[in-house]
Amino acid sequence: MFKHVTVLLKETVDGLNIKPDGTYVDCTLGGGGHSSYLLSQLTEGGKLIAFDQDEIAIQNAKEKFSSYGEQFITVKSNFRYLAEKLQEIGITEVDGILFDLGVSSPQLDTPERGFSYHHDAPLDMRMDQDAPLTAYDVVNSWSYEQLVRIFFQYGEEKFSKQIARKIEAYRENKAIETTGELVELIKEGIPAPARRTGGHPAKRVFQAIRIAVNDELKVFEEALESAIEMVKPGGRVSVITFHSLEDRICKTTFKRNSTTPQLPPGLPIIPDEFKPKLKLITRKPILPSDIELEENNRARSAKLRIAEKR
């Protein structure tokens, strides 16, 4: 069963300021938590299109929401293709779009997917099981320099060089095939005092490899710009991020699209192309409540930002 505890459920959906007869997009269907709450607020004229790369998530949602008929449409695709996939089904603008980034609990909890450092499993980490690049390819084929770069940039790992050296030396004799092998190499690359602080020692490197395998940051940046274009005036975009890299992209994109650039003084009117596209609904991110954190430990790093199309 595809179960998943949804983070910031009410805040994210209510933040879209739902119109009962509106058209909405859930870019990250997952276990269907946000979709379920959103669908419950729509009348017969309303519609929800949900994206996911995971076939299991799609099939589960089709069963779960079958009573909604044509009001609920699933799209098995990476949300980087948001605009073109919506256009394929005749939709050119929508009333709201939400993103819940990060790995859903079922993916983390399914050992053979290779996302978790708590289970020994083949090195995979693909959100889309049909995609060609796997974590095995990254760990065994990418150069020392490439590994250092992704561990540092995507994982913000202080010991990137030491860990990459351990990987490089190990794979000269044998391929690194499982998450368990990789965890041990990461531990060897981190000094003992540092291993005892800041959560699981493999957390940052696993995050970095997952981001690289799925090209997550570039995909999100492109999709967020696309979402801003597709939302109608008065429509909103809600984004939940789970680490500083995603949050920085969201914050920067929202800020750039909600500020007027420096223009020559004395202009009688601001030309349309320089008018801000967005109004910020959240100046600072919304964080999970203490009650939510008690119930769902995975919510601890979540941040929600919301913007409205002008």
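Every residue, even glycine, has its Cβ placed from backbone N, Cα and C.
Positions annotated as S-adenosyl-L-methionine binding site by Swiss-Prot: Gly32, Gly33, His34, Asp52, Phe79, Asp100, Gln107.
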- Tell me, if you would, which residue among Gly32, Gly33 (binding-site residues) has the fewest other CB atoms within 10 Å in the structure shown? Gly33
- Message: Going by DSSP, is Gly32 (S-adenosyl-L-methionine binding site) sitting in a helix, a strand, or coil?
- Response: coil
- Task: With H, G and I counted as helix, E and B as strand and the rest as coil, say where DSSP puts Phe79 (S-adenosyl-L-methionine binding site).
- Result: helix
- Item | Residues satisfying Cβ distance under 8 Å from Phe79 (S-adenosyl-L-methionine binding site), sequence separation of at least 6 | Cys27, Thr28, Phe51, Phe99, Val219, Ala223
- Note on the structure: Going by C-beta under 8 A and a gap of 6 or more residues, the same-chain neighbours of Asp100 (S-adenosyl-L-methionine binding site) are Thr6, Val7, Thr12, Asp26, Cys27, Thr28, Gly30, His34, Ile240
